[in-house]
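Enquirer: Next up is a structure, given as C-alpha cells.
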C-alpha cells in the first residue's frame, strides 16, 4: 500500500509539472521512468542540452571557411585562421553523443507505440544518422570536402527542442495553402506584366531608343528580374527612367504594376496571413490549454486512487493533505504555489472534488501580477510631508521637465559647436550644465528613495533604469573631474587617460539622451506602444528561433554555392564600366563598394542574410546581377528570390500579424480595464488568447485519459 501511494504521489507530481509546461502526459508512469523523466526535464539536464545546441550551431563561425578575420571586405581581408582537421569534428562528435542520449531517453519515455506516431522523433533519429554518416565521410577526406550536408541539418536540433517553435512551425505550415494562393496570384501578375514589358519595350531599328530594352528587358530572365526587383521598390525609379525619357506615357505601365503589386496584392497577403495565422495560432493555444487541463485531471485521478481516500465516497475526491504533500515537491512558480497553498488553508472541507481541484490550478492561467512593496511609515511630520511631496507624481513630472531642458541645452551647444574644430571648442558651458543636471538627477534619486523606500523604488523598472543611468553619469562625471579638473572658462586641457575630455563629455551626453526615455511611462499612448513591443520581444522566442533556423540554413547554403564568387580582381565586368574612360558605372555593385557583402564565411552570411536584407533589397539586386551576369551562376537568382519570398514576403508579414494581435489585445484590455498604478500585469502568448478559449468538457478529458498508453485508471 505504501509503495502504491508513493507511486501515485510521484505520478501526480509529474502530471502537474507537465500541465505547467504544457507537455504531453503520454509517457511511461512507472517509478523508474518517472525518476528518469524528472531528471531529463531538470534544469541541469535541459541546460546541458541547450548548451550543446548552442555549441554545435556556433561551430560554423570557426569551421573552414573561418570567420576569424577583422574585416569581411575581400580587398583588405587577410587569410583567416582555420582549425586543424579533427578539432571541430571532435567537438561535433561530443555534441552528437549528447543528442543520441537525448533521443534515446525521449524514445524510451514515450514508449514504442507512441514513438511510431511521433514524426519529430523519427526525423530526429534520421537527422542524426545522416549527420554521423556525413561526419565519417568528412574525416575520410581529411576535412577537404566543400559540401557538408550535416551543417545544413544543424538547425533541426534547435527546432526539435522547443515545443513552441514546433507549434509555430505547424501554424505556419497550415497557413501556407492560403499564402500560396496569393503568391500564385502575385506570380501571375508578375508574368503578365513581364510579357507586356517585353512587347512594349521590344528592340527597334534605332539603337539609341533601345536603352530600356538593353538595360532591363533584353530577355525573359532579365525582364522577370527587373520587375521582381521593382516589386521590392529597390530599382525604382531607375527601371523606368530610359522609357520615361522617351515618352512620359510609359509611366502608366510602371504605375499600374506598382499599384497592383505593392498596394493591393502585397497588402492582401498581409491580411490573409494575419487572419489565417491568428486562427491557427489560436488552435495551437487551445491545444495547449487542453494539455494543461488534461495534466491536472490526470493528477486528480491518480491522487483519488490513494488508499486514504474514503471508501464510501459517492464520487472521486482527493484529500487536502495529499495535495499539499504533492505541491511541496512540484517544481513551479513560487507565486502560483503560494496562492494555491493559501486557497487550501482557507478551504473548509477535507476532500476536494474534481471541479474544486481543477479550480485551484486555474491560478496558473491568471495574469502574473507584480505588487509593489509599501512605502515606509515615518513618525516625523517633516518626513511625512517630505514623503508626500517627493512621492507625488508631480515630482516625477518635474524630473521629466528637467530632463527635457537638459536635452535642449545639449542640442543648443551641439548646434553652436557643429562647425568648430576640437581645439576651438570651449567645453566650459557644456561641462557646467552637465554637472548641474547630474547633481539634480542624483538628488532626485535620493529623495525618491527616501519617499518610497529602497525596495519600492527598485520594484519599478523605470526607476531601476533611471537610477542605473544616474549612477553611471555620476561615475563618469567624477572620472572627468579627477582627470581634467573642474570646468572653468577656456576649459581645454590636454589629452589624458584613456579618453579625451571631448570623448568623455560626449559619452556623458549620450547617457543623458538615453535617460530621456524615462518620460515614456508618463505618456499613456507611447507607453502602450512600448509595452506592446516589450511583450512582443518576450513572446517572440519561437519566431526568433525559426528565423535563426532559416538564416542558418540559407547562410550555409550560400557558402556552399557562392564562396569565392565575389572577387574584386575578376568581377569588374565590361558592362559595369562606361565606354569612354573605363570608370565604374554609377550605382553598380563595384562602384558602391559592396565588397564586404559576400558569401565567403558564416559570420558575413549572417550579417548579410539579415542579408539585413529583406529590408535592403537593393543589395540583393546587385548581388543577383554580380553572380548571374558575370557568368558565375545564372541560377543564383533562384537562391535570392527564395530568400526574398521567405524573409520579406512571408516572415515580415507573420511578424506584422503577431504585432497586430499583441497591440489589439493590449488596446482592448486598456479600453476595458483601468490601469492600476501599483500593479503590473504580465502576459504570455497563451494568456493573450485566454478570453476566447473554450474549456474542455469532462467527457473529453476522461476519454483522452482512458486512451493513455501507460496509465490504467480505476474508473
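Cβ atoms here come from the backbone N, Cα and C positions, even for glycine.
Annotations in TrEMBL come from automatic prediction, not curation.
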Enquirer: Using TrEMBL as the reference, determine which range in 83-101, 102-120, 159-177 is annotated transmembrane segment.
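Expert: The range carrying the transmembrane segment annotation in TrEMBL is 83-101.
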Enquirer: Name the residue range among 11-34, 179-202 that TrEMBL annotates as transmembrane segment.
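Expert: Here TrEMBL associates transmembrane segment with the stretch 179-202.
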Enquirer: According to TrEMBL, which stretch among 223-248, 249-274 corresponds to the feature transmembrane segment?
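Expert: Going through 223-248, 249-274 one by one, TrEMBL gives transmembrane segment for 249-274.
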